[in-house]
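First comes the structure, then the notes that go with it.
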Amino acid sequence: MRTIAILAAILLVALQAQAESLQERADEATTQKQSGEDNQDLAISFAGNGLSALRTSGSQARATCYCRTGRCATRESLSGVCEISGRLYRLCCR
């Protein structure tokens, strides 16, 4: 009888751990979905050769930057941070 109670307790703990893992994944998926929406909130374009971070040899540089909550996209590089409504985001430029 004692063995059955111990096995039942172990089973309940395992099920609870699995449920927490599923909840974490669901929360993470929701966060990623929301950050995907946030990624397109602000686009900044720079043109000209006066910006030292965007200088090229003798030609006008052009960059498009996005304030992102997650990682920068494939062809973008991290160029700093930006602040919107008191929240900090990554400034990703290409």
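Backbone N, Cα and C define each Cβ position, glycine as well.
Looking up CYS72 in Swiss-Prot gives a disulphide bond whose other cysteine, out of CYS92, CYS93, is CYS92. Of the listed residues CYS65, CYS82, CYS82 is the one Swiss-Prot pairs with CYS67, by disulfide bond.
DSSP assigns CYS67 (disulfide bond) to a strand in the three-state reduction. Shown in sequence order, LEU78, ARG90, CYS92 are the residues of the chain, 6+ apart in sequence, with a C-beta less than 8 angstroms from the C-beta of CYS72 (disulfide bond). Under DSSP, CYS92 (disulfide bond) is assigned to a strand (E or B) in the three-state scheme. Separating the Cα atoms of CYS67 (disulfide bond) and CYS93 (disulfide bond) is a whole-number distance of 9 Å.
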